[in-house]
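Feature annotation from Swiss-Prot assigns compositional bias 'Polar residues' to 29-40. Residues annotated as compositional bias 'Basic and acidic residues' in Swiss-Prot: 662-671. The N-linked glycosylation site feature in Swiss-Prot is assigned to Asn303, Asn662. Annotated region 'Disordered' per Swiss-Prot: 1-69, 257-279, 653-680, in sequence order. Taken from Swiss-Prot, the feature transmembrane segment covers 79-99, 160-180, 195-215, 219-239, 341-361, 367-387, 435-455, 469-489, 504-524, 538-558, 576-596, 606-626.
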Amino acid sequence: MVPRAPRIGDFEPYRPQLLRGQTDDSDTSKLSVPLSSQSNEADDEQSLSDPSYDMESSADSPQYEGEDTRLTSNKELSGFYMYGWAAEVFVVCGIGSFIPVTLEQLARENGVLLSDRTTPCKAPRPITPSFSASSFEALLRPNPEKGQCVVHILGIEINTASFAMYTFSISVLIQALLIISMSGAADHGEIQENIPLVFAFVGSIATMLFLPVVPKVYLLGAVLAIISNTCFGASFVLLNSFLPLLVRFHPTVRYPESSADTSYVSDEEEDDSQTPTQERIEHEARWANHLSQREAALDEPANVTTALLPSRAPLTSPRVKPSTAPSQELALSTKISSYGIAIGYIAALLVQTMGIIVVIFFQSSNFGLRLVLFIIGLWWFIFTIPTARWLRPRPGPPLHLAPQTSNFRTGLAYFSYSWKALARTATHARLLKDVLLFLTAWFLLSDSIATVSGTAVLFAKTTLGMSYAMLALINVIATLSGVLGAFTWSRLSSFCALSPVQTILCCIFLFELIPLYGLLGYLPAVQRLGYLGLQQQWEMYPLGAVYGFVLGGLSSYCRSLYGELIPRGYEAQFYALYAITDKGSSVFGPAIVGAITDRWGEIRPAFWFLAVLVGLPFPIMLFVNVERGREEGAALARKLEELSRLRDEAVVAAEDEGEDENLSRDVRQGLEESFSYQRS
């Protein structure tokens, strides 16, 4: 069990070896209180007894009214993990499995065959719940060819298979616009926690409302899918912006000498709105140093917390750290992100298994699919409640608005600020070389992740003739592998002494094996074998395991690495850019695969495109330098804070609008000049 700091007076601290010239009761013996630094590449120390010591230098002092500088607690981390447990089931089970099938089936029951445009595609059948052997046999048999079906929406003929694709395209577009409209405002005021929770509850309710949707109102199902997918994306983007805050105020970052990567905040302090007192900080520092004399680091990568203080070393001796080791913040961020992804995958696995049982019980009926979506929405709703209770708001600095501003004008001000902030964020990202490189690689990588997944499912269904139960089993295997990957990649990278960038490169290399394996089917020797190169159904299962294992590593490492590169205080804006890059890229890959399929009449030629798409991010990631990116991000944050302060002071003193415009022009010019060296 991970030790926690006892109450003040409950333990006898380790008494350090006396230094030369000191006596046992010397008042000048020093107690180490590690300071919080930007990079934590060295553990600077300061004496409590030193006259220059200031409590505010040891604990982050509030930079604005309402800032929450309390240490990250176990309860707060649990709230962050809990939302992954709640919402990951929607994207894995809903978006990845049941919503596309449900939308297609709802449209099919209203469509006609493309061949004659008069014969109904499918007549409704009664619901007969059963667990008979024939039910399982029907699910495992390849589905017979039903023919292409079309429906008419607003006088336009649309293929039922394309109905779900168009629905998600619309939802992605709305999602991007919504994220832009409120992302900048999420960094200001007390809305950083409230907005994502509102989106979470609305999205979960929209998912549950699939239950009463019958084929006659299939367009309502499309509307619900758009609402739920839009709300999911918006809520996840905003909650991702909590990750740098949780890391920044984590005790192992504030007190790097500690050997236990857990919160030292007692249950009473978790509910206290005040920052820790000087007495508490001194007490926690003694406990941290006391632990460092007794035991090794708990559950930390070996190259991050190696060389803790020896048992008889003075407490003022700095901890030696290899120059090649990643920072404490990045190691912790990767660990939290990995745990969050893995916890979400475990929940998705449970709900996916539950959904398969429900579908089998109702013999793949329309009602069974809608019931599964109701369960997914209910799961999302219920487990979002602990997140709302445990995750602290940690509000950002408020916007400078007049005290009597109406709610409408306040909302309009936040809306306009968000769009302006995105434009500034894009400009800032252009000035940050490593952020720009990472986003370019992530654009291609995210597109390849979405395209490979959709292409594989379509290939398995149409070319290999796999049934819905077989496809669901592939999803289960991929989810299990994702859980394993999320927990394993951090330990593999530590064991092999890999940097985060090198770990991502390893994931990309393994990912490239999937399309290359599909291209083996073109070799005549492999064709004569009759297997390998995706010629048999069973070959999809190991590829699904590779896909999930790789995705578990990419999901956690990419998110945490990006959090290290962005400026502090602008997390929501930069994570909005991250999400827009993610969502926007997913439009191109599937469209190109569809065009290739239409041109050659089969999907296998699309593997050539996938091999190129997956491989392109590899050389780009080679140029990403985390240390350089962290330094440039910190420098940009300081410059932006300085310019913001100067501008606010000048705006107050300005007498007319023209002076303000001139000032804005000067501020932009100063920003460009300050970072001109980055473009040389």
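Using the three backbone atoms N, Cα and C, a Cβ is placed for every residue, glycine included.
Stretch with the most C-beta contacts under 8 angstroms to the transmembrane segment (504-524), considering only 79-99, 435-455, 538-558, 606-626: 606-626. With Cβ pairs under 8 Å as the measure, the transmembrane segment (79-99) is packed most heavily against 367-387, out of 219-239, 367-387, 435-455, 538-558. A contact between the transmembrane segment (435-455) and the transmembrane segment (219-239) is absent, since fewer than 3 of their C-beta pairs, 6 or more residues apart, lie under 8 Å. Across 160-180, 195-215, 367-387, 469-489, the stretch most heavily in contact with the transmembrane segment (341-361), judged by Cβ pairs under 8 Å, is 469-489. Non-local neighbours of the transmembrane segment (195-215) in the same chain are 83, 86-87, 90, 94, 102, 106, 109-110, 124, 182, 186, 221, 224, 227-232, 234-239, 366, 370-371, 373-374, 376-378, 380-381, 384, 387-388; each lies 6+ residues outside the stretch with a CB under 8 Å from one of its CB atoms.
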